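As recorded in Swiss-Prot, the features of this protein are as follows:
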type: ACT_SITE; residues: 86; note: active site, proton donor
type: BINDING; residues: 20, 54, 55, 56, 78, 79, 80, 111; note: 5-amino-6-(D-ribitylamino)uracil binding site
type: BINDING; residues: 125; note: (2S)-2-hydroxy-3-oxobutyl phosphate binding site
């Protein structure tokens, strides 16, 4: 499926957020939306989609990419070691799935799916990752603007 990015200043980005550790993941979304608004004067529309966990992000991203409505898609989740399963397997599956979606649909899929080596339900860890997700949201906004711009530039060459 060949989908070109919009060749205009106004476009849409889908933001898919996992609801596990929502209080932390929400910080990425809030800073992402705020940074896009600050950088574009509100010309970029962000549509928010909730999924139960990180594992559901790739399928949701693929479904949204196929609509042709979005110049880019962002997935955000916090995959931690809960002591029951190997969280790194889940994170790898999610990231690989997101990569596959963008390669198949030609819609950029950006990741704010973070997997710490260790996370403990302590105030110190919570505060650290709360702040870290804010930073990652801003970084994702910059990356989204850059990749949409570059994709538009490439589309103009074809």
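Even glycines carry a Cβ here, placed using N, Cα and C.
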**Fill in**
The sparsest Cβ environment within 10 Å, among the recorded positions 86, 125, is found at 86
**Asked** How big is the 5-amino-6-(D-ribitylamino)uracil site in terms of the longest C-alpha to C-alpha distance among 20, 54, 55, 56, 78, 79, 80, 111, in angstrom?
**Response** 16
**Asked** So among the binding-site residues 20, 78, who's got the most Cβ atoms within 10 Å?
**Response** 78
**Asked** How many whole Å apart are the CA atoms of the residue listed as 'active site, proton donor' and the residue listed as '(2S)-2-hydroxy-3-oxobutyl phosphate binding site'?
**Response** 20
**Request:** Show which residues of the chain containing residue 79 (5-amino-6-(D-ribitylamino)uracil binding site), separated from it by at least 6 in sequence, have their CB under 8 Å from its CB.
**Result:** 54, 87, 90, 91, 94, 113, 114, 115
